[in-house]
Amino acid sequence: MADSKTKKKCSFCGRSENEVGFLITGMNGYICDSCATQAYEITQEALGEGRKRAGATKLNLKELPKPVEIKKFLDQYVIGQDDAKRFLSVSVYNHYKRLLQKDSGDDVEIEKSNIIMVGSTGTGKTLLARTIAKLLHVPFTIVDATVLTEAGYVGEDIESILTRLLQVADYNVPEAEQGIVFIDEIDKIARKGDNPSITRDVSGEGVQQGLLKLLEGSVVNVPPQGGRKHPDQKMIPVNTKNILFICGGAFDGIEKKIAQRLNTHVVGYTASQKTAVIDKNNMMQYIAPQDLKSFGLIPEIIGRLPVLTYLNPLDRNALRAILTEPKNSIIKQYIKLFEMDGIKLTFEDSVFEYIVDKAVEYKLGARGLRSIVETIMMDVMFEIPSESKKEYKVTLDYAKQQLEKANMARLQIA
C-alpha cells in the first residue's frame, strides 16, 4: 500500500505526493495544489485577454442620439448654457458618426474634432462632459491638467490619462478607445506668454507638447497601473484616434485679451457701430483661437482642439434654477438622502433665495451651492437619523444660524 502511494505524482510538474501539499485525483492522472493554482491564474488571464479582444460595444447609427436629442438630455441636468450645449451636441454626434465611417469604405476621411470649453469656475464644464458620457454609455474619465508633467519629472506622465480611462473601461481596450476624456484646467498649463519659452517649462509648454500625440491620434504604450514606466512593466497599446478629448478651463484674465483684440479691430473701421454691439459684461462670447494663443496655448494644441465654445457666467436666476430644477439637483439629492431614513425634508422658499445670495456674494458659482447647502445641513444630518422625527423643515432662521457659525472663509475658496 505504501509503495502505491510513492508512485503517485503530479501529471504536470512530476513531483511526488511527498513533495507537494496534496494531490487532486483525476480519471487518468493527478494535479498538485501548486499546479492547480497556476492553472487557475493562466485561465483567468486568458479569459481577460479574450474579453479585451471581444471588442467594444458596437455603435449603430440608428441608435446614436441625434443632436436635438443630446441637447434635450443635457437640458435635464444642466441649466442654461444653450450655445455650449448645441456645440457639444453636434460635435459629439459627428464624432461618433465618424467612428462608424470605417465600416463604410468611403474615400473621404472625417477628421476628429476635439473640443475646448472656456468658462468661469462652476459654470458647468465638467457636468456637461460627464452627462454626455452618461447618455452614450461610454467610458469617461476626468483628468486635472495641473498634476501632469513632462516625462522624467515629478508628477504624472501624460500616459496616466489613458491609464485612468483603461481602469474605467475595466481594461477593455476597444471600449476605452471609444471613450471620452475630460482634461480640466487646461488653462493652467499655458506658457507664460505668447512667445516660445527659452527655459524648461515641465508643467506648462512641455505638457502641451506631450498632449499633442494623444489629441491627434496615435498608438500610445500605457502602464496598466499608472505611475512611471519601468523596463519590467508590461505596457498596453492604446490607439487614441477615436477617443474624444474635451478640454475645459476658466482662463482667468482672457477677457482682457479678447478686449484688446476687439479694440484693435475696431480702430479706424466703423468703430462706433462695432462698439455698440459689444457686450462688455460677457466678453467670453467673442472668444477666438487667437485669444487662446495670446493666453499661452501653443498653436499646435489649438489646432487639435478645433471646436471652441464658451460658457456664460451664471446669473442669479440660473443659480436659483440649478439649486432645485435639474433631475439631480442639489436639493433633490438631500431630499432623497432624508427619504432613505424615512424622513420628509422640506425647505422654506426663502432658504433657496438666501443660498443663492451667498453664492453670488462669495462668487462661488454652481459648485459653491453644494458647499453652502452642506454647511447648512451638516448638524441636522448628524442628529436627525438617531431621532424619531418623520418630517423636518429647514427655515430661513436656521439656515442663517448655521452659516453664521460656519467658517465663511472656507466657503469662499470652495
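From the backbone N, Cα and C atoms, a Cβ is placed for every residue, glycine too.
Taken from Swiss-Prot, the feature domain 'ClpX-type ZB' applies to 1-51. As annotated by Swiss-Prot, Zn(2+) binding site applies to Cys10, Cys13, Cys32, Cys35. Residues annotated as ATP binding site in Swiss-Prot, with sequence analysis given as evidence: Ser120, Thr121, Gly122, Thr123, Gly124, Lys125, Thr126, Leu127.
Recorded features from Swiss-Prot, shown on the structure.
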{"residue": "Cys10", "record": "Zn(2+) binding site", "Cβ neighbours (10 Å)": "21"}
{"residue": "Cys13", "record": "Zn(2+) binding site", "Cβ neighbours (10 Å)": "13"}
{"residue": "Cys32", "record": "Zn(2+) binding site", "Cβ neighbours (10 Å)": "23"}
{"residue": "Cys35", "record": "Zn(2+) binding site", "Cβ neighbours (10 Å)": "19"}
{"residue": "Ser120", "record": "ATP binding site", "Cβ neighbours (10 Å)": "16"}
{"residue": "Thr121", "record": "ATP binding site", "Cβ neighbours (10 Å)": "16"}
{"residue": "Gly122", "record": "ATP binding site", "Cβ neighbours (10 Å)": "24"}
{"residue": "Thr123", "record": "ATP binding site", "Cβ neighbours (10 Å)": "27"}
{"residue": "Gly124", "record": "ATP binding site", "Cβ neighbours (10 Å)": "28"}
{"residue": "Lys125", "record": "ATP binding site", "Cβ neighbours (10 Å)": "26"}
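All chains included, 16 other C-beta atoms sit within 10 angstroms of the C-beta of Thr126 (ATP binding site). Each residue contributes its Cα atom, and for Lys125 (ATP binding site) and Cys13 (Zn(2+) binding site) these two points are 58 Å apart. Close to the recorded ATP site, the chain also has Gly119, Gly248, Leu311, Gly365, Ala366, Arg367: residues not among Ser120, Thr121, Gly122, Thr123, Gly124, Lys125, Thr126, Leu127 whose Cβ is within 8 Å of the site's Cβ mean position. Checked against Thr121 (ATP binding site) by C-alpha proximity, the binding-site residues Cys10, Cys13, Cys32, Cys35 yield Cys35 as the nearest.
The distance from the Cα of Gly122 (ATP binding site) to the Cα of Cys35 (Zn(2+) binding site) comes to 56 Å. Among the binding-site residues listed here, namely Cys10, Cys13, Cys32, Cys35, Cys35 has its C-alpha nearest to that of Ser120 (ATP binding site). According to its DSSP assignment, Cys32 (Zn(2+) binding site) is in a strand. Other Cβ atoms within 10 Å of the Cβ of Leu127 (ATP binding site), summed over all protein chains shown, number 20.
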